[in-house]
Amino acid sequence: MPTVQNRLLISFFVAWTSYALTYFLRKPLGVIKTDLEHDLSFSKFQLGLFDTALLLPYALIQTFFGSFGDLYGARRTFGYGLIGSGIAMVTFGWWSDYRLFLFLLFLNGAFQSLCWAAANKGLGAWVTDAQRNFIFGLFGTCPFAGGILGTALAIIAGFLVLFLFREPSEVKIAVAGKESSKASDIRPRITIMEVYRLPMVKEIATTVFCLKVVRYAIYLWLPLYLKQELNYSTTDAGLFSTMFDIGGVVGSATIGFILKRFFNNEGCLGAAVETLLSAGTLLLFLAFAKSGIAMNSILMLLTGLLNCGADIILCKLNHFLMNQKRFQLDQCCFYG
């Protein structure tokens, strides 16, 4: 058991740090849009296509090629994805050609697309059923911490993953207190389209999609809004946008406690309440945007706390439903 716990700690540290660093390759895009618009005379439509170039391959590959993590292993998929995304962005600041920017962002999004699913699969292999909510709640803080805290670090993290982020089967260790993977292999297999026909899956997936749309809109456009509409400086706009990330860290870290304390571990109910409240705080932010940085900071922090807490628990709830239904699906494919 000490060996299992040590491996869990190593895997958690490597996965948390490595995935946090992927946000070093995403978050700056929202901050530098004002400079790209001013220095290179890009229109807002062109700036919007940057988001598409980054997120479209990310979403499509994660959805339709998520099984790569199962075919080639979580460690290799995660590690090479990090290295590839770092290499794709290492020369981004050298160029001024719009089409080259689009190409580099496309590569960045494509390489990052399988990292989240692979990280969840690899880490989940070490987590017992009793630890699931707590461990994944803490792990869910890494995207937002990464937004608070580049490229060379992501490449280094990729090599760390390749050498240290191993699954139990690779080091021949059994995890006590976890349902046997051999037992799960005999469950009937279903396709990705059959998953969407299961009760609650469509509703949860739609909710997660909407939560992520809000999150990425804030990541990629809030600094520009703050600068142009509220007259923040570029530095202040970039720093202020981290309030959402700080809230995300708190929300993800505490969601397990909140569900247990206030919702009797009812994930759907807790996520529904947090989602509604996050919409309310975002509307309040828009209504009181000119009330000063203190009010804006509080509302954006609350928005991040509620949005990201609900997102984390809903992603894990889908996986729990699959286990309850006793179906088998490639884990990386499902997380995607």
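For all residues, glycine too, the Cβ spot is worked out from N, Cα and C.
Those TrEMBL annotations? Automatic predictions, nothing curated.
Pulled from TrEMBL:
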type	residues	note
TRANSMEM	6-25	transmembrane segment
TRANSMEM	45-65	transmembrane segment
TRANSMEM	77-95	transmembrane segment
TRANSMEM	134-165	transmembrane segment
TRANSMEM	204-226	transmembrane segment
TRANSMEM	238-259	transmembrane segment
TRANSMEM	271-289	transmembrane segment
TRANSMEM	295-317	transmembrane segment
Worksheet, complete the sentence: Tertiary contacts of the transmembrane segment (238-259), defined by C-beta under 8 angstroms and 6+ residue spacing from its ends, are 27, 30-31, 133-134, 137-138, 140-141, 143-145, 147-148, 215, 218-219, 222-223, 226, 232, 265-267, 270, 274, 293, 296-297, 300-310, 312-313
Worksheet entry | Remote residues contacting the transmembrane segment (6-25) - C-beta distance under 8 A, at least 6 residues beyond either end | 78, 82, 85-86, 89, 108, 112, 115-116, 119, 122-123, 126-127, 135, 138-139, 141-147, 149-151, 153-154, 157-158, 160-161, 164-166, 168, 171, 173
Fill in: Outside the transmembrane segment (271-289), six or more residues from its ends: residues with CB under 8 Å to it
207, 211, 214, 229-230, 251, 263, 295-296, 299-300, 302-303, 306-307, 309-310, 313-314, 317
